[in-house]
Amino acid sequence: MPKETLVVSKSEELAFEYFLSFNKFSSGSSSFLGQVTKASFFSSLASSGSKSSLNSLNNEFDHLSLYEIKNSSLETEKYKTILVVCDNTDEFYGEKGLSNLTLFHNSLLPNGKFVIAIPPNSSHEQEIKKEMMYSGLIDVVSSVYYFTTFITGVRPNWKSKTDKKSPSMIDAAPIDGYISKAPDYESCSTKPRACANCTCGRAEREKLNSTDLTSDVDAPTSSCGNCYLGDAFRCESCPYKGLPAFKPGEKVILD
């Protein structure tokens, strides 16, 4: 079964100590390692088979040193929790810090928690918190538990938000439910003349054409062909007499 927690420290003993300490801190217990001091705790382990105890607890988490991580690659989206025991805060702020924190961020599962343990009252606490946010972690807070400051951050679960339908993906409502269908009208395009109740526009077109044809037939005609030149060239009975000259073929309306 794959382990859900990674502890990064110089030694397995240190990883064991901070793993238990952080579990106590997370559960809100006021005790530290079960009311047992570090010295008596590890001495009791030595007298009762500490190696087997460490091995059994190591089944709860993976352990790597920061040096091992830098010279290898962490699997992406693998751990629910990553706990880093920091003995050199220089590794976690500035360009070097952002690079290391991004590596841990990418190895967390969505909603996974990153925790870094630093000495209390560290002068670099604010810089580390800022670099954690730059790496993509959210909800970055710090808390002091006994002689350790735990700075925690969460990798956001952006995937769950993208699963929701965006407005552009919402199915459109059928338009037929909002707009009534236009009634079907009989077409007279195949008939010899327009229908009495024509709605396709044929009756209007035929009426317009008939008006143009009538005006052309009723227009006066010239017998001499010089009417357009003006009165000096028109005959006595010219219907255009008294009108100004016009261009040949130009339609002139008579009063």
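Glycine too: its Cβ is placed from the backbone N, Cα and C atoms.
From a predicted model like this one, the values you see are computed outputs, not experimental measurements.
Residues 235-238 are the range that Swiss-Prot records as motif 'Cx2C motif 2', among 107-110, 231-234, 235-238. Record note: among 92-95, 136-139, 216-219, 224-227, 224-227 is the stretch given as motif 'Cx2C motif 1' by Swiss-Prot. Of all the binding-site residues listed here (Cys195, Cys198, Cys224, Cys227), the one with the fewest other CB atoms within 10 A of its own CB is Cys224. There are 11 other CB atoms within 10 A of the CB of Cys235 ([4Fe-4S] cluster binding site), with all protein chains counted. Beyond the region 'Fe-S binding site A' (188-200), the same-chain residues lying 6 or more positions past its ends with a Cβ under 8 Å from any Cβ of the stretch are 206.
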